[in-house]
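Record features (TrEMBL):
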{"type": "ACT_SITE", "residues": "His125", "note": "active site, proton acceptor"}
{"type": "BINDING", "residues": "31-51, 107-110, 236-238, 262-264, Thr280", "note": "NAD(+) binding site"}
{"type": "BINDING", "residues": "Cys133, Cys136, Cys187, Cys199", "note": "Zn(2+) binding site"}
{"type": "DOMAIN", "residues": "7-296", "note": "domain 'Deacetylase sirtuin-type'"}
Amino acid sequence: MSSSPAVPATSASLADVVELLAGHRLTVLTGAGISTDSGIPDYRGPDSPPRSPMTFQQFVGDEAFRRHYWARNHVGWRHVHRTLPNAGHRALAALEGRGVVHGVITQNVDLLHEAAGSRHVIDLHGRYDRVVCLRCHRVVPRAVLADRLEALNPGFVERVGQVGDVEIAPDADAVIEQTAGFRVQACWQPDPEDHARECGGVLKPDIVYFGENVPRERVDRAYAMVDAGDALLVAGSSLTVHSGRRFVRHAALTGKPVVVVNRGATRGDRYATRTLDAGTSETLTALADLLAPLRP
Ligand SMILES: [Zn+2]
């Protein structure tokens, strides 16, 4: 294997990208930039306000922080729940239907690829519609927890304002101040060691936070998906975190063409064969029109 993975990136035109990708079966890696046209803000985009994301250590180690988190999430997740896929998501689903895309690895937790009809999706950083118990590891649908939280905190959502007015982050954090009195739900499943009792463990959204690792099995599946493709297309990610960037490096190291479509430079540009400074909705729509179907 070459010790120098980086192919010098050139700022490409759409025609260059089409020429490079034609005839290849694509693995696609997506990030927050593909969901901005669905109304979910990208806190790492070029025009984003500074924001310090919550860490896993804060969530696990601080009960007050956890209360604050759940209060905001109780409001914010509903906004994500009714968000619709955009032209970029739909284009990738169409390309999968024609055999051009064989799988999507997404760093988003919004499930918009699935909503658009993509079938082979790895939700690298988890999914907003599930909650996991840190003690017994049971997974609970977020909607079921929502009913519990609503019963524990009647009228909370109405008090903090209309859902549509709340600023939300990619992890369904709504920015709200009045969270002090919020009551958090512990895991109510039977205790694995004493079935007469409830588990009582800490519930956490089934989302990978800063300071937390992606489960190894999921990472391995994502590497396998990259290996199974002929080329890697990155769409709407600044590749800031290693968690996603490693797949770009891996594709380059294994000699696959890498195309990065993003507004602004990315931390993975050194691994790219071509970079295209453009939005995902229009670029992926164009690619869906221009890339010919592939036989399975
Ligand atoms: Zn539990």
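Placement of Cβ uses the backbone N, Cα and C atoms for every residue, glycine included.
Where the annotation comes from TrEMBL, it is an automatic prediction and has not been curated.
Features recorded in TrEMBL, as mapped to the structure shown.
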{"residue": "Gly31", "record": "NAD(+) binding site", "DSSP class": "coil"}
{"residue": "Gly39", "record": "NAD(+) binding site", "DSSP class": "coil"}
{"residue": "Asp110", "record": "NAD(+) binding site", "DSSP class": "coil"}
{"residue": "His125", "record": "active site, proton acceptor", "DSSP class": "coil"}
{"residue": "Cys133", "record": "Zn(2+) binding site", "DSSP class": "strand"}
{"residue": "Cys187", "record": "Zn(2+) binding site", "DSSP class": "coil"}
{"residue": "Cys199", "record": "Zn(2+) binding site", "DSSP class": "coil"}
{"residue": "Asn262", "record": "NAD(+) binding site", "DSSP class": "strand"}
From the centroid of the CB atoms of Cys133, Cys136, Cys187, Cys199, the recorded Zn(2+) site, which same-chain residues not already listed sit within 8 A by their CB, in sequence order?
Leu134, Arg135, His137, Arg138, Ala186, Trp188, Gln189, Asp191, Pro192, Glu198, Gly200, Gly201, Leu203
Nearest-integer angstrom distance between the alpha carbons (Cα) of Asn262 (NAD(+) binding site) and Cys199 (Zn(2+) binding site):
44
By CA-CA distance, flag whichever of Gly31, Gly39, Asp110, His125 among the recorded positions is nearest to Cys133 (Zn(2+) binding site).
His125
Closest of Ser35, Asp110, Cys136 to the residue listed as 'active site, proton acceptor', Cα positions, binding-site residues only:
Asp110
Once near-sequence residues are set aside, which residues in the chain of Cys199 (Zn(2+) binding site), 6 or more away, have Cβ atoms under 8 Å from its Cβ?
Cys133, Arg135, Cys136, Arg138, Ala186, Cys187, Trp188, Gln189, Pro190, Asp191, Pro192
Could you tally the C-beta atoms, other than its own, that fall within 10 angstroms of the C-beta of Asp110 (NAD(+) binding site)?
25
Distance-selected binding-site residues near ligand 1 (C-beta under 6 Å), from Gly31, Cys133, Cys136, Cys187, Cys199:
Cys133, Cys136, Cys187, Cys199
List, in sequence order, the same-chain residues at least six positions removed whose CB sits under 8 Å from that of Gly39 (NAD(+) binding site)?
Thr83
Within a 10 Å radius of its Cβ, which of these binding-site residues (Cys133, Cys136, Cys187) has the fewest neighbouring Cβ atoms?
Cys136
For Gly31 (NAD(+) binding site), the number of other Cβ atoms found within 10 Å of its own Cβ:
28
